[in-house]
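Q: According to TrEMBL, the protein has these features:
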REGION    1-22  region 'Disordered'
COMPBIAS  12-22  compositional bias 'Low complexity'
DOMAIN    74-172  domain 'HPt'
MOD_RES   HIS113  phosphohistidine
Amino acid sequence: MLSMLSLPPQRPAVSRSSSSYPPTYTCSENCSCANMPAAGAEDDYTDDEMEIDLGDTIDMPTFSQILEMDEPGDREFSASIVFGFFDQVEETFASMDKAVAEKNLEELSSLGHFLKGSSATLGLVRVRDGCEKIQRFGKLENEDGSSEPDADLCLERLKEALATVKMDYQAAEIRLREFYKAEENREEA
């Protein structure tokens, strides 16, 4: 069940209901990202969507749910969500860089949690998983959730995770921009 999309404030939230499918990505906290589709959730999609290859950076069944909200032959709605996400990510990365410079682990954990939910909504599984690490390190935890009292060690791990998340995001952004460019060209033809 896709319950809420993380959209910029000027856009309305979108709800989508189904019975008990697909399974949900559960967060360790009680929050809005607790109802995000799980990576690998299977879904029925059209022949056109079956041909979409976004590589292993994006979970296609999850992203397909976003595409299903588009009008037939028009990707404007999903494009607005995706491109709004791009803006959101850039702002969040800037805030994360500032928090790293200030060694503000609590803020980094919060930002990691926020970006984890947004990326899960679109199926950016590597970004989601990296943000989970950022969230944990910011809480002075190891990847497995066990306590790590060494704040300096957590900050170093967090910096490494953030660098990886930025690379994974860049790869996903390239794929998504290529996808929407191809869709735009197909609509014009």
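Going from the start of the chain as shown, residues are counted 1 onward.
Cβ coordinates are placed from backbone N, Cα and C, and glycine is handled just like the others.
How about a rundown of where these features are and what they're close to?
A: Residue counts of the domain 'HPt' (74-172) by helix, strand and coil are 80 helix, 3 strand, 16 coil (DSSP-based).
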Q: Roughly where does the domain 'HPt' (74-172) sit in mean pLDDT, to the nearest integer?
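A: Average per-residue pLDDT within the domain 'HPt' (74-172): 97.
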